[in-house]
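Copied over from Swiss-Prot, here are the features:
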type: DOMAIN; residues: 2-77; note: domain 'Carrier'
type: MOD_RES; residues: Ser37; note: O-(pantetheine 4'-phosphoryl)serine
Amino acid sequence: MAEVFDRVKEIIIDRLDVEESKVTMEASFKDDLDADSLDVVELVMELEDEFDMEIADEDAEKINTVGDAVDYINSKA
């Protein structure tokens, strides 16, 4: 799980230009990391590419925190 978190964290830092210390499992994309809805869509697309998977739209809507993304990826691995 740590490896997935590290990869997700790196993508978030690059995409949202946030400090590494802000990216925690509990961090909300919108509330804590100042991402707008377009940022979240782009993050989901980048996660799909990074982890070679497809994230259904209805599943993507449920990914609100870094932890949600990590848990989703781990559940599909």
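Glycine too: its Cβ is placed from the backbone N, Cα and C atoms.
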Helix-strand-coil residue split for the domain 'Carrier' (2-77), DSSP-based: 48 helix, 2 strand, 26 coil
Nonlocal neighbours by CB distance (under 8 Å) for Ser37 (O-(pantetheine 4'-phosphoryl)serine), same chain, sequence gap 6 or more: Lys30
